[in-house]
Ligand code: P6P
């Protein structure tokens, strides 16, 4: 997958067609996932590879996306936050222009009980997984809010869609994160924050121009930061120095989309896209938002 042979133009065309098919499947599956949440808010009786108890809806969304995405010609690998190993999608792995899809099928499933926002996060990588965020071709998320929407980063630009009709409706093109930070949301528990992050958080919170917005699902909180400007962080914790969120399925796609929209991402010292993965389910301290606040964060954590 990582070698390129044959005519470059053909290769690009083939890969673009594969990416089109992936985006179509994720968009077309949104209503099936959304409607499938009903009756699946309970626990599935097993844990994901990160040791978190799965909701029935986590398993449902993952099975649905694995079946549909792995059937696409050109998709060589499927991986998800809910599965221990990368799924080899068969014959397409022989295609030198194949891609790998990494999915957080239902981000924020802890929001099922309070019926708060959740989403599906995905990234298309052009090399085998685990892979650094620099190899992402397309990233995006679907948000199951009052309206089902999608944000997509492709070819250097971010587009927002509404998914309520038969076809996705473009609602905003060339989306850029506002320069002036307005909202902030920090995950984890305050007593578990390292002192340097706690100092940064206090400085952000004490700024009268900032407003707290934390919904408990990274994707809803990040979408607010993309919309209003600000910062979302799930930092390193005293008991978990790599934080909680996963690099392949959350940090990389979120970092790629926010950076494509003119924002910045950081693990505390570098872009999330520059973090070299060791394992498929590596965790990463995740900070994304307006450049001003990420600069201030990195200065504080030095
Ligand atoms: P906590 C959801 O389970 C998730 O992975 C993210 O979407 C969210 O930001 C985080 O965990 C919430 O974690 O520790 O606040 O429940």
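Placement of Cβ uses the backbone N, Cα and C atoms for every residue, glycine included.
Neighbour density for residue 106 (Mg(2+) 1 binding site): within 10 A of its CB lie 32 other CB atoms from the protein chains shown. The annotation Mg(2+) 1 binding site is assigned in TrEMBL to 81, 104, 106.
According to TrEMBL, the Mg(2+) 2 binding site annotation covers 104, 107, 250. Around residue 250 (Mg(2+) 2 binding site), the same-chain residues six or more apart in sequence whose CB sits under 8 Å from its CB are 81, 104, 107, 121, 218, 286, listed in sequence order.
Residues or ranges marked as substrate binding site by TrEMBL: 107, 108, 109, 110, 214, 244. Reduced to three states, the DSSP call for residue 244 (substrate binding site) is coil.
What TrEMBL lists as domain 'Fructose-1-6-bisphosphatase class I N-terminal' is 34-163.
For 177-301, the entry in TrEMBL reads domain 'Fructose-1-6-bisphosphatase class 1 C-terminal'.
Annotation: 109 carries the greatest number of neighbouring Cβ atoms among the binding-site residues 109, 110 [cut-off 10 Å, Cβ to Cβ]. In the three-state DSSP assignment, the secondary structure recorded for residue 250 (Mg(2+) 2 binding site) is helix. DSSP assigns residue 214 (substrate binding site) to coil in the three-state reduction, outside any helix or strand. Mean per-residue pLDDT, taken over the domain 'Fructose-1-6-bisphosphatase class 1 C-terminal' (177-301), amounts to 97. Those residues noted as binding substrate (107, 108, 109, 110, 214, 244) have their most widely separated CA atoms at a distance of 16 Å. Checking the binding-site residues 104, 106, 107, 214, 250 against ligand 1 with a 6 Å cutoff on the Cβ atom leaves 107, in sequence order. Just so you know, the Cβ of residue 104 (Mg(2+) 1 binding site) picks up 29 other Cβ atoms within 10 Å once every protein chain is counted.
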